[in-house]
Amino acid sequence: MTAPGSASHDAAHDPAHALDLDRLLASAADDGGGQVDDSIPQLAETDPSLAGIALVTPDGRTHAAGDSAHAFSIQSAVKPFLFALALADTDGAALDAVGIEPTGEAFDAIKLESGTGRPPNPMVNAGAILTASLVRGSTLEERTARILAGLSAFAGRDLEVDEDVAECEQLLGDRNHALAHLMRSEGTLHVSADDAVAAYARACAVLVTPEILAAMGATLACGGRNPLTGSRVVSREVARDSVSVMATCGVYDGSGRWMRRVGVPAKSSVSGAIVLASPGRLGAAVFSPPLDDQGTSVRGAVLAQRLADELGLHAFGGTGGRERA
């Protein structure tokens, strides 16, 4: 799908105007492997053959192919947006509460920064639980309403929570509860552990599609202004900080390899989605449920690299190199 009239649109404003996304998607059809996440039943039941891609450009045009309208829970792809909302609602003080350094640990490691008791960065579970707790609201209900409204502003449309997913995330998220209690014991988390996990679980359960997620990425890529609505969602500084941490930490302990190969700030998720934000260029989302050992979509990573190569999106120029042993 391409917005009407985009073929004649100025390529400087619409870098994807001549890109054949159907061809790009088909080129990755044989890039299989990986396993669908089974941490909750709703993810385990996902059709592994689903695949979609969507782009949103600074002038608000949407390009999409494949299963770009398929709805799924946003899962960890919500983390850069939670960080942005926390930064906005605390006037930047969230940077004192959570680190911004990469970690070689697993995304759900029961570990905090030595000496500070802070989560290492907002892209791991501990960091996202903490940033969700920093979003404005004196009660859990107020906080979760603010999170949903904020995510909807990033998307440019009203979003909904999959209540079944939210319930499963809370009931089966023992490690997240452990992280929250650890942060409480360190004096880092200032709401109850149960409320912190509940806010994060509901954020992960928000329903999106590749097209919606691409619009959210585009809002960060456009300096905090939603290109579909024209509304400012967060400041340029907040958008910059969120995208910066996506670049260094968004694919967990594979972030260095990702930036070498793809060169675009991104956040992976166990739903099989990857959201990308290429500053000043576009927002994108790729979706394919089977994951590698680090929880990143196998086919999605291939699509992201080919997209970056074709549009020259690599932050450091050129195209991504082959993976080396």
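Every residue gets a Cβ built from N, Cα and C, even glycine.
Annotation comment: Swiss-Prot describes Ser76, Asn125, Glu169, Asn176, Tyr200, Tyr252, Val270 as substrate binding site, evidence class sequence analysis.
Just so you know, the Cβ of Glu169 (substrate binding site) picks up 24 other Cβ atoms within 10 Å once every protein chain is counted. Around the Cβ of Tyr200 (substrate binding site), 29 further Cβ atoms fall within 10 Å across all displayed protein chains. The DSSP secondary structure for Val270 (substrate binding site) is coil.
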